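Asks: Before anything else, here's the structure in question.
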Amino acid sequence: MIQIAPSLLAADFGCLAEEINKIELAGAHLHHVDVMDGMFVPNISFGPVVIEAIAQAAKKPLDIHLMIEKPERYLADYLKFKPKYLTVHFEATTELANVVATIREAGSGVGLSIKPDTPVAAIIPWLDKIDLLLVMSVEPGFGGQKFQPQAIEKISEAKAYIEEHDLQVKIEVDGGIDAITSPQVIAAGAEILVAGSAIYSQSSYAIAIEKIIG
Ligand SMILES: O=C(CO)[C@@H](O)[C@H](O)COP(=O)(O)O
Ligand SMILES: [Fe+2]
């Protein structure tokens with residue numbers, strides 16, 4: 001089953017609890033939560049204080065995407081929300097084995113993300129240790145960017161390896177996902193689709209979700 005994880009970055013923060021309620025009624029499976037530190041990416045979003053409010057309003061699970069340098073410094077601050085997935089960037093840490101162990105011990109799914117210029121080959125040794133591979137289809141840092149089609153090839157490559165080795169890793173894709181790009185990433189093997197602007201910019205979230213995941 002294909003799952004949709006609308007990115008709260010594109011929601012109206014003036015009425016966050018209402019947005020969360022609306023997107024859940026519209027069919028969201030997960031809430032994608034983008035944490036940006038102004039170091040790993042050239043933008044700052046929000047951190048645990050805002051996620052506390054999100055977690056209180058949400059009935060659906062959280063899918064936290066950490067775009068922060070040295071995420072090992074802050075894992076506990078996000079694991080306390082018991083996210084379904086806590087995802088770190090491969091490029092952001094030299095402590096990946098410890099990061100994976102800490103997330104797993106806390107009971108959340110382990111997510112690992114790669115930027116557009118990072119090849120799938122770089123994370124192959126980690127695929128049997130994680131639950132989620134997040135393939136970025138834009139440079140991380142901002143919502144509303146154009147989908148980079150080379151992500152399709154990367155998803156296919158990762159999917160082929162996962163199937164060949166009978167692994168349980170799900171592939172998530174994030175950036176520029178809409179009704180045009182979603183069939184391409186689904187065909188390549190993505191199972192969780194993140195979409196921000198393509199959903200939250202629309203008057204009907206349910207219709208927007210329906211157009212993306214059918
Ligand atoms: O992680 C990121 C951006 O860094 C994403 O989750 C975006 O927030 C997705 O937004 P759209 O590209 O769907 O507008
Ligand atoms: Fe994201």
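Any Cβ shown, glycine's included, is placed from N, Cα and C.
A quick note: this is a predicted structure, and the numbers were derived from the prediction, not measured.
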Asks: Looking at TrEMBL, His32, Asp34, Asp174 are annotated for divalent metal cation. Which of His65, His89 sits in that same site?
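Replies: Site partner of His32, Asp34, Asp174 for divalent metal cation, according to TrEMBL: His65.
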Asks: Can you tell me how far the Cα of Ser7 (substrate binding site) sits from the Cα of His32 (divalent metal cation binding site), in Å?
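Replies: Pair distance, Cα basis, whole Å: 5 Å.
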Asks: Could you round the CA separation between His32 (divalent metal cation binding site) and Gly176 (substrate binding site) to a whole angstrom and send it over?
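Replies: Computed Cα spacing between His32 (divalent metal cation binding site) and Gly176 (substrate binding site) is 14 Å.
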Asks: Within 10 Å of each Cβ, count the other Cβ atoms, then let me know which of the active-site residues Asp34, Asp174 comes out lowest.
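Replies: Per-residue Cβ counts within 10 Å for the active-site residues Asp34, Asp174 bottom out at Asp34.
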